[in-house]
Amino acid sequence: MYGIEYTTILTILISIILLNYILKTITNTMDYIIFRFLLLIALISPFVRTQNYGMYLPITGSLDAVYTNSTSGEPFLTSTLCLYYPAEAKNEISDDEWENTLSQLFLTKGWPIGSVYFKDYNDINTFSVNPQLYCDYNVVLMRYDNTSELDASELADLILNEWLCNPMDISLYYYQQSSESNKWISMGTDCTVKVCPLNTQTLGIGCKTTDVNTFEIVASSEKLVITDVVNGVNHKINISINTCTIRNCNKLGPRENVAIIQVGGPNALDITADPTTVPQVQRIMRINWKKWWQVFYTVVDYINQVIQVMSKRSRSLDAAAFYYRI
């Protein structure tokens, strides 16, 4: 009886020792294989020219630093281009293969198939509030509208620059602008903005805080308003809240990887009057407005010149944003 129990225990112990030996052998073998594999990769990696995918970055159109390709210097072979256009263009062209056609044409300019993306938008006002700019280079086509020239220039200011915005509760609080880069941005179907500057005793300067009819009107019945008032002075604000919203925004700097192409119009819109736009320059292209196919053909022809004055996936407070017209 006892002999059987001892034999069973001995068998279990031998099995455990044998299993432990097998596991150690497998571990040592795997370590040897992995070490050899990593050594081989380390030895041949300097001789292989491939895209470095070691860093994943969610691209929103604006980063604080430039991330360049570490293994290849060809700008177009390792870059992506997004072309944003109004939905009316696709409706006018009415061709299911038009994007493929344009991709083939971009290929003749050095952009590989699959590196150019086409994205439509229905409303430029909505698009400009929070533009989703996914590519290394982003080109926005904006149709000129002579009924909203001021709105268009302010839309361009929103798209070409990075803004940090917060909602405002004008029914409870007074607000002041702290610097030239601090603006109040109102947007809606009908924005009428009135302001009343206040002294240190919170009494109106040239207006009565209890009577909005005495407030200064800075914008009337507009879709987009970028309001600039005297810095360091509290203001009581009144807007048409049913048709308009207002936000307190700070301009962080230009989106260097974004360009706007103005489609049509007798004159190019000027967004450089704002002292926060540095340097005071704009770059302009011109062709006569005809049809959307003509517009896209021109974009293909000049795309490389446009790209050369942009910066890949970057934003710098010391560099210019760029505005084009065709």
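Keep in mind that glycine also has a Cβ here, set from the backbone N, Cα and C atoms.
As written in Swiss-Prot, here are the features:
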- 1-50: signal peptide (SIGNAL)
- Asn69: N-linked glycosylation site (CARBOHYD)
- Cys82-Cys135: disulfide bond (DISULFID)
- Asp95, Gly206, Thr214, Glu216: Ca(2+) 1 binding site (BINDING)
- Asn146: N-linked glycosylation site (CARBOHYD)
- Cys165-Cys249: disulfide bond (DISULFID)
- Gln177, Asp228, Val229, Asp301: Ca(2+) 2 binding site (BINDING)
- Cys191-Cys244: disulfide bond (DISULFID)
- Cys196-Cys207: disulfide bond (DISULFID)
- Asn238: N-linked glycosylation site (CARBOHYD)
For Cys191 (disulfide bond), the one of Cys82, Asp95, Cys207, Asn238 that lies nearest, given that the recorded positions are compared by Cα: Asn238
Of the binding-site residues listed as Asp95, Thr214, Glu216, Asp228, Asp301, the one whose CA lies nearest the CA of Asn146 (N-linked glycosylation site): Asp228
Under 8 Å by Cβ from Val229 (Ca(2+) 2 binding site), same chain, sequence gap 6 or more: Gln176, Gln177, Trp184, Val195, Pro197, Val218, His235
Cβ neighbours of Asp301 (Ca(2+) 2 binding site) where a neighbour is any other Cβ within 10 Å: 13
Three-class DSSP secondary structure - Asn238 (N-linked glycosylation site): strand
Fewest other C-beta atoms within 10 angstroms, as judged across Gln177, Thr214, which are the binding-site residues: Thr214
Close in space, distant in sequence - Cys207 (disulfide bond), Cβ under 8 Å, 6 or more apart: Cys196, Pro197, Thr214, Phe215, Glu216
Residue from Cys82, Cys165, Cys244, Cys249 whose C-alpha is spatially nearest that of Asp95 (Ca(2+) 1 binding site), among the disulfide-bonded residues: Cys82
Least buried by Cβ count (within 10 Å) of the binding-site residues Asp95, Glu216, Asp228: Asp95
Rounded Cα separation (Å) that holds between Cys249 (disulfide bond) and Asp228 (Ca(2+) 2 binding site): 11
